[in-house]
Every structure is written in C-alpha cells, then in structure tokens.
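Each remark here refers to the structure printed beneath this line.
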C-alpha cells in the first residue's frame, strides 16, 4: 500500500529525516559543476556540422568525485531543444527527481531555462557517465563520471600508474535531432552513423581526419582504461594492438579479474580494464569497430568504419610519427566473441561479493519484441505501417503533460496505468500502445527473465535499469526453460545496470526494489526508445522516512 504524503505523521518524520540528511550532505564534500548547453560548429569528415554540446566540449566535461560526495550540477539550456540530463548508473537513493529521463522523472528543461541536479554518490565506485535523455541529443551531449574510493580507501586491485578515460561515440554529419525526427515521422529506422569517435575525434583512417587521440605511456607500467560506450545505437569491439586487458569492473561494479584481448561494450556499458605496457617500444592503434548482432541479415544498418586512437610508448627510441600497429579485429557478426565476453564476467570473490537475495517476491518474464503498428496522425511521412517495439506486447508511450514521478507523488489519475503484464502475451496477440507501469512493494526482490525472440531475426538489446544495480544470474541462447534455473549463479554473479540480452537468447536478473520512485527500464539502443521498447517500475514508499519518496525540488522544471 502506498502511504499518502498527506499523512501528518509521515510529513513530520520526513521533515526530521530531511534535517538529518541535510546535515549529512553538509558534512560531505560537494562537487559543483555548471553545464552550459549550446550549439557549436565542429568539422568532421570534410564537413562542418552544428552540434549541441556542453561547455563547448566533445565529450563534455568530466565529473570527478569520491565515494560519499554530494554533487550539484546546474544545467543551463542555451540550445533550441528541450533537454534533460541522466546520470547513468547513479542509484539516486532518495533523489529520484535528479535521475533525468524526460517525462519519467521530470519535465524537460526548456530553452533559456535551467535546473540544478543534486544527488549523492553513496556506495558506488568506478566509471559511470552522464548523457542527455531526451531525443537523440545524447549523440553529442555526454561525458564521463568518475567515482574514486573515498579518502583513505584504495582500489581492490593494484593501484595503476596512469588512468585514461576513453569515451566512445557515434558521429553523424547531419543534425541528430532531425535524423530522429525524420525516422519517427516516416515510421522507419534512423540512418546509421557516419563514423565512430574516441574521445570526440575519429582518428586518422577517415577522410579529412585531422585529429587523433593519443595516449602517451611509459614502458612496464599499468594503465587503467575507463572505457565508456556513449554511442547511440551500436555495440562496439575495442582492442589495442599487442596488448591484453584485465577487466576489474563493469558499470561501476567490481568484478573478478577477467583477462581478454577484446572488450565488448553495448551502448551504455562501461568497462574498467588494466593494461600493462609490456610490448616493444613503439606505437599501437587502439581500434573501435561495430559488433553487428543482426548480421548477416538484410535488416542490418550498421556503420562499418573503424575509429582509432594511438597508444604511444614515450621513449627516446620511439618515433612519434611511426605507423602504428593495427590489431586484428573480430568480424562484425562475431557473436561468439561478444557472448564469451558477456557470459564470462563474474563478481568479485567472497567475502567482497555482495550477497544475492535468495527469496524472490516477484517473478516476471519480459519478451523483447520488434514489429509494426499503424502509422498515427503525427507521422506525416509514414505510409501504412510504422516500425515498433514492445515489452510483453506493450509498446511504451511517455506521457505528455506530467512526468510519471509527479503523477506518482501527487497521486494524479489518468497519467499511467499500473497493469504492465508479468508475462508475454499469447502468440498472435496484437501489439498495443500504452503507458503501463509495474508497481513494486518497497524492498521486494524482483527476478526477471529477459527473452529475445528465437523464431525470427532479432538483435542484442542492451537493457538499462534506472535506480538500481542488478545481479546477472544466468545468460544463454535459445528459449529460457525451467531447467535453466539450476544453472543460476548465486555465488558470484556480476552486477550491472545495463545488460546485453543476446541475439536469440535470454538473461536472468535479480534486484531489490529498495528505492521509491519511478524507474525507467528500457533498451539503450536509442532508435528503439521512441519505438516503444521500455517500461517503468513504480516502487512504493516504505514505512520509514529513509524509505519515503521526498517532495520535488522547488526548481523542478514545469511542463
């Protein structure tokens, strides 16, 4: 049962808790940032393109904090577009108003307006990132968010000699908002990107390339690469010629050491990997190519180019202009390499591993579906049918007049319905549109089987959960069956906030709903979000002030 905000006792308890929380925040260090979002002209691929960027930077400014810090980011929207910012992977405990997905937790920041996001970084360490969460703006509005151990603490691995953020992106030579608008209007998929980028630049294999990101390293040192896939729609293979990696964290969750020469990142993923500079002195390409989980079907529309950066050994014997060594990349359709990476990750060994909850309160199976719906009146260039996507047959639609979180807090009827189905619909059931959420009792344990279709071509969907990390208990190919339960890893499963559900396969996740609010659960291929591949969990309040949805901040944007 949701405890109404109008309860005078709960208001008093919340007031007392807020005073304690304010004192706690005051005692913590506060990292203050100002993001000015404006148009800027950038030259790439022999063209000049106007993009939306933060503080004139691509990637945008890096946020660096220690675990336990408070963060305040004033976002000034000087762009012509509505805008929100999402702090991807931040748990937002009791700060759901700062999560950022447009029309889920807030109305957008309108042009010539501002909003200050305030949240704490508690119980998290590693590499996360921030990005726009409205339209395709996140193609250029993104940046790294680094959380280091609090003072006096250390990494659970040998301290690196050097840390290097590597933010991977996709580049279009057209206005990305127009690209999305054209796709939605026509009911078709958006065109593929024109290039990939490493820290905002393409590298020297593209036409008119005049800038390449270079990492200068010393021999026989350990470099911590903080790799982020900020791309919109493409899974990526990542390699450095002549070097191997030891993965130590994903999605700001520590892992058991995992050695590989190929990192695989779905959109939204982060990987912390140690690289030892034990190769011969020289220069080596860092290469990025697409993993196209649809290949070789004719549905594939993936950028087939290669972005590069350079790892340069800074010695007297190394020539700066020497041609770097190129790594041998996997084939774009190499699902075996992708699955080996995703399936091979484990959580840290005991006793460091967090305990997996064993009593499950809510069991769900969510089928990820692609299909078609009739064109609607807003799709001016659509003919007959429009591409669509759904979870359990429901193609998700955002509200237009009020955010879901405001509707939950104010108990406003008519904004959403709490009838999202717990299981796939019978075969042949038509896809429907709706703003359906799944209510969860506070502190309930939820297990979800995510199933990709196996009867026709599908693709690897990176599914992102806001507000929580989850345990990945099992993954496999084909259809999930009850017999797969015996294979659950309840000892050292990896924790993530974004999971790549394999093509023609399944994955099982489990989490505890201990964070009241409205939490988006959606595909992180941005092309699939307006198509409807998402839903929302509405987590009820608990019974104590530290489990109760706080009121909205005074400067929360209005619709």
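Cβ coordinates come from backbone N, Cα and C, glycine included.
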Same-site residue for Cu cation 4 (record: Swiss-Prot; known: 523, 528; options: 312, 461): 461
Annotated N-linked glycosylation site residue, as Swiss-Prot has it, among 77, 112, 410: 112
Candidate sharing the Cu cation 3 site with 466, 522 (per Swiss-Prot), from 133, 235: 133
Of the residues 210, 479, the one that Swiss-Prot lists under N-linked glycosylation site: 210
Alpha-carbon spacing, residue 47 (N-linked glycosylation site) to residue 210 (N-linked glycosylation site), which is rounded to whole Å: 12
Lowest local Cβ density (other Cβ within 10 Å) among binding-site residues: 461, 528: 528
DSSP three-state assignment (helix, strand or coil) for residue 484 (N-linked glycosylation site): helix
Predicted model, mean pLDDT over the domain 'Plastocyanin-like 3' (396-543): 96
Glycosylation sites compared (47, 112, 120, 210) - highest count of Cβ atoms within 10 Å: 120
Residue 220 (N-linked glycosylation site) - helix vs strand vs coil (DSSP): coil
